Amino acid sequence: MKREDVLMEALPYIQQFHGQIFVIKLGGHAMVDQLVLEAAIRDVVLLSYIGISVVLVHGGGPEITDKMKAMGKEPKFVGGLRITDQETLEIAQMVLVGKINDGIVSLIAKCGARGVGISGNDGSLLIAKRKELQVVTIEDRTERVDLGHVGEIVEVDPAILQMLLSNEYIPVVAPIAIDRESNSLNINADTAAAKIAVALHAAKLINLTDVDGVMDAERTHVYRRLKVDETNEMINSGVISEGMIPKVEGMVYALDRGVGSAHIINGNTEHNLLLELFTRDGVGTMIHP
């Protein structure tokens, strides 16, 4: 395709998306390669330049695990769920807020835009409660496990995000929330992104991760478009499994509450974000009502 054809294909999408809000979740695994992350941030800055308001929500699971090991603390998982004691929470805050969040804001500045790093604590953006005991299966037996300082979001106050967006900043949100007693809690970034998208009445919820999208049972084909009902059936049948389940469930939650569409994109490939948004066929999976 000629360069001018690429630009002309993008034009109607640019016109359609101008003035809309996109919430983009940067997956922890998709951020391991610094060059790939820089490319993703350049794409995000481009979106802001053409009139799209972007809120970034980032994860950081792999970096938290690496930091814990470097500090001599072995991460604890039960049934695939991280146990977060007080020391682990402090390490998570150090990594999420002090390292990853600051790094993304610096990259935004490097690309000529203005980013502001916040966590769910700031402006009471994300209010959470401590998760109840979780039922997990261990060696064919079920146990009830206390995950520690892990929360589930019960309320979102988007005022701080609206203020930043109205002043043309790109908010960068770390997945730490606060409870009613002002205690910090670690939260799932996919869930945070979904709930923020709903609170902002976002047009799109986008997940940049390390897979190409929702795949079939044989893992040979990527579904380009799916309806919510289809994703529910695929979860029940096991086609959507493991780490993809919370991503898709978060998107279904958002779509059921007014978000226009949701996208799962491989963030490890440069400019996939732009190709998904501004070409007819896209490169990932779009989920819609």
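Using N, Cα and C of the backbone, Cβ positions are placed for all residues, glycine too.
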Per Swiss-Prot, member of ARG42, ARG82, ARG219 binding substrate alongside GLY60, GLY61, ASN186: ARG82
Nearest recorded site to LYS247 (site 'Transition state stabilizer') by CA-CA distance, among binding-site residues GLY60, ARG82, ASN186: GLY60
Count of other CB atoms lying within 10 Å of the CB belonging to GLY60 (substrate binding site): 24
Residue with minimal Cβ packing [other Cβ atoms within 10 Å] among the recorded positions LYS25, ARG82, LYS247: ARG82
Count of other CB atoms lying within 10 Å of the CB belonging to ASN186 (substrate binding site): 23
Mapped DSSP class for LYS247 (site 'Transition state stabilizer'), helix or strand or coil: helix
